[in-house]
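Engineer: What Swiss-Prot shows for this protein is this:
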BINDING   ASP246, GLU272, GLU298  Mg(2+) binding site
BINDING   HIS248, GLU298, ARG319, HIS348, GLU375  D-arabinonate binding site
Amino acid sequence: MASSAHSDSASSDAPAELPAEILAAAPWSAPADDSEHLRITAVRTFLTAPQGCPYVIVRVETNQPGLYGLGCASDPQRTLAIRSVVDDYYAPMLLGRDPADIEDLHRLLFNSGYWRGGSIGQNALAGVDVALWDIKGKVAGLPLHQLLGGRAREAAEAYTHVDGDNAGEIAEKVLAAHERGYRHVRVQVSVPGTDTYGTAPRDAAEARRRELRAGSWDSLAYLRHVPPVLREIRERVGTGVELLHDAHERLTPSQARELVHEVEDARLFFLEDALAPEDAAHFDQLRAAGSVPLAVGELYHDVMMYLPLLQRQVIDFARIRVPTLGGLTPTRKLVAAVELFGARTAPHGPGDVSPVGMAANLGLDLSSPAFGVQEAATFREPTREVFPGTPVPERGRFHGSDRPGLGVDFDEVAARKYPVPEPLRHDRWALLRNGDGSVQRP
């Protein structure tokens, strides 16, 4: 585990002078005298897949022995490109710089490409940015939530996922999750004859079709089938547990309005991604269609994409994804805006967000008055082996770590046991088709 503080004394923990080759490779404005200051000496990326999904982990190292920071830059669809951005573009600009200057370094990297933004650059930037916050916490001897203002709550409520073919099966799973302590449960319903998002395949043949994304989608079948099932689930489980549902941006604006109207009686905690980012202009009409709380944002790659929706008060939950938004530096500002406009946060946290990314989420969750609910991934034993300190919910809540920084470490040796799949598939979200053969949003 990295040291939690640094000293200016001559002890073994004192920052060492940077090697000449580091200074030679450092950018034009990096200070030449590093003997008394903490400096970045290396930026390294690691690819690992302990759960099958590729993680991109960034480690920012310093001239203080044992002091480093970790960041999550994971986007399973653009893994190699993100690694290249960090290694080939960002790392050379960071050598020799002070890791404490997080705001300045974020602006430096963000503006370095001239054509700014986009998922690849933002995820790469997030890996560096979160690692710098991790270093800052270790130097200060404080956990992330304390750096962000301190605890606003004892623990962060989490939601888990269940799915099934019918209301009886799903309701039984919801009640079982409630017995385990979860007060919020996302429910996904299999639609016969379609490749339904968020549901388990029924057999090996369907699993193979899903792997190849060779299935088809039928929005009208979804609209006929899902609302009655959601209403029946609510009748079966009562009002003691909150229900969530994800439409996963597969509907047109008019279909989304119909869905909002039809699920009113299911009394959802929120309806997620009823509209794709490209259709965000239709949120006013969606809001007018009913009183169902609306959640959106996991696909947004710029915090400014949220601002018009917050200003018009047409969304209730911001589904922030820290890696895709460029890290904690911009996301903490978004969280403040969410609070000011009376909405709540519901950070994205499925299996494609590493334990490092989940720890970043929890820093925001525990410190923000605007927090609503945290999506909870199930991190299996191989993942916990690679990431000592992996956040794990207890009775449906994340209590967070009081260790300095993120509170999560990375075992490089263990990570090598779980290489990313080869060859990597980058087209799986583009292979779903409508009945007429046209490409369907994922």
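Each residue, glycine too, has its Cβ placed from N, Cα and C.
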Engineer: For HIS248 (D-arabinonate binding site), what is the tally of other C-beta atoms lying within 10 angstroms of its C-beta?
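Structural biologist: A 10 Å sphere around the Cβ of HIS248 (D-arabinonate binding site) contains 18 other Cβ atoms.
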Engineer: In DSSP terms, helix, strand or coil for ASP246 (Mg(2+) binding site)?
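Structural biologist: Reduced to three states, the DSSP call for ASP246 (Mg(2+) binding site) is strand.
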Engineer: Within 8 Å of the Cβ centroid of the D-arabinonate site residues HIS248, GLU298, ARG319, HIS348, GLU375, which other residues of the same chain have their Cβ?
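Structural biologist: Those within range, site residues removed, are ASP246, GLU272, ASP273, ALA295, GLY297, ARG321, ALA346, PRO350.
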Engineer: What count of other C-beta atoms do you get within 10 angstroms of the C-beta of GLU272 (Mg(2+) binding site), across all chains shown?
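Structural biologist: I count 25 other Cβ atoms within 10 Å of it.
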Engineer: So which binding-site residues out of ARG319, HIS348, GLU375 end up within 10 angstroms of GLU298 (Mg(2+) binding site), measuring C-alpha to C-alpha?
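Structural biologist: Among ARG319, HIS348, GLU375, the ones whose Cα sits within 10 Å of that of GLU298 (Mg(2+) binding site) are ARG319, HIS348.
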Engineer: In whole Å, could you give the widest CA to CA gap in the D-arabinonate site formed by HIS248, GLU298, ARG319, HIS348, GLU375?
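Structural biologist: Taking every pair among HIS248, GLU298, ARG319, HIS348, GLU375, the longest Cα gap is 15 Å.
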Engineer: How big is the gap, in Å, between the Cα of GLU375 (D-arabinonate binding site) and that of GLU272 (Mg(2+) binding site), rounded to a whole number?
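Structural biologist: Given the Cα positions, GLU375 (D-arabinonate binding site) is 12 Å from GLU272 (Mg(2+) binding site).
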Engineer: For ASP246 (Mg(2+) binding site), what residues in its own chain, 6 or more apart in sequence, show a Cβ-Cβ distance under 8 Å?
Structural biologist: ARG186, GLN188, TYR197, GLY198, GLU272, ASP273
Engineer: List every residue in the same chain as ARG319 (D-arabinonate binding site), at least 6 positions away in sequence, whose Cβ is under 8 Å from its Cβ.
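Structural biologist: For ARG319 (D-arabinonate binding site), the qualifying residues are GLU272, ASP273, ALA295, VAL296, GLY297, GLU298, ALA346, PRO347, HIS348.
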Engineer: When DSSP is mapped onto helix/strand/coil, what comes out for HIS348 (D-arabinonate binding site)?
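Structural biologist: The residue in question, HIS348 (D-arabinonate binding site), is coil (DSSP, three-state).
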Engineer: Enumerate the residues of the same chain, ASP246, GLU272, GLU298 excluded, that satisfy the criterion Cβ within 8 A of the mean position of the Cβ atoms of the recorded Mg(2+) site; list them in sequence order.
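Structural biologist: Once ASP246, GLU272, GLU298 are set aside, the remaining close residues are ALA247, HIS248, ASP273, ALA295, VAL296, ARG319, HIS348.
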